[in-house]
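Reviewing the structure listed below.
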Amino acid sequence: MAAPSNEEGAVGPRCHHRSPAMLDVPFLPFCAFLGTLGLLCVAMVGTWCQHWRGGFSLDGSSRTFNWHPVLMVTGLVVLYGAAALVYRIPNTWSGPKLPWKVLHSSLALGAFVLTVLGLVAVFCFHNSQGTPNMYSLHSWMGLGTVLLFSCQWAAGFGAFLLPWAPTWLRALYKPIHVFFGSTILMLSVASCVSGINEKLFFSLKNGTMEYKLLPAEAVFANTLGLLILIFGVLVVAALARPSWKRPDSDSPDSRMPTPLLRAHLHGSGAQHSDLKMESVCKEGKVQSEMDSGPERGGWEGGGMGWCLV
């Protein structure tokens, strides 16, 4: 029997090695779809509050409450999800990290500001109507998520943006920051979905508009909740996808280009690919030396380290 050729190797035909790349989903179209889905969630929650819940105001009535779901979905889910995906953009894998760190923290800060305004809206409504605060599971989970978010932002700012943070502290905190980033997003989704369900139970309870009869408002709001859930799951899936993570120079697997960078480098023709590889490798080597430190990979990725130098 003939020995397996180099085309096949010991693990089967060569085409088996290509299958992961063939099944790989392009990041930028996925990101565009995710952005469209996020904007759809914001548009739907605004439409729900405007069309079925009476619109918006600042007079302490139920229309003041309507700011709460709009601001929470916009800030705590959509804008937070955008901040989480900043370090999955291939452009962030080379060059200075500081602009991307500032963008990441700014988006997260914007999400936090909108979230606080959403809390102010609901507390103002409850206080003006004499309604008790913080008695439901939704309120407990929502406030806990916001408090965790505030701690996450402050700790991330101190560890990754302030220049005097010690190296050992960054190395210790990085996996914690990455873990709680995804955790907070899923808690945000759970809080928003439970809030939509709670609002429907409180509002649709009279005559032909009972929730159990599934009127148009219930169908619309239930659909909104499902879209928010899908958005959160897709963001977490994008964060967990290995081929979309910023290469880590300390990892043996990162010493070859990821599918995203490989496609980019070969985009203008095979005759120039070697020159491109050499150029980017040199740039990555210099950048890795400049950006060497523990905050590589995850949301606080470091310099490019996949070149064999």
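A Cβ is built for glycine as well, from the same backbone N, Cα and C atoms used for every other residue.
Per TrEMBL, these features apply:
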type	residues	note
TRANSMEM	27-49	transmembrane segment
DOMAIN	33-240	domain 'Cytochrome b561'
TRANSMEM	70-90	transmembrane segment
TRANSMEM	102-125	transmembrane segment
TRANSMEM	137-164	transmembrane segment
TRANSMEM	176-197	transmembrane segment
TRANSMEM	218-240	transmembrane segment
Arithmetic mean of per-residue pLDDT over the domain 'Cytochrome b561' (33-240): 94
Under an 8 Å Cβ to Cβ limit, what residues of the same chain, 6 or more beyond the ends of the transmembrane segment (70-90), are close to it? 27, 31, 34-35, 38-39, 41-42, 45-46, 49, 56, 100, 103-105, 107-108, 110-115, 117-118, 121, 142, 145-146, 149, 181-182, 184-185, 188-189, 191-192, 195, 228, 231-232, 235, 238-239, 244-246, 260-261, 264, 298-301
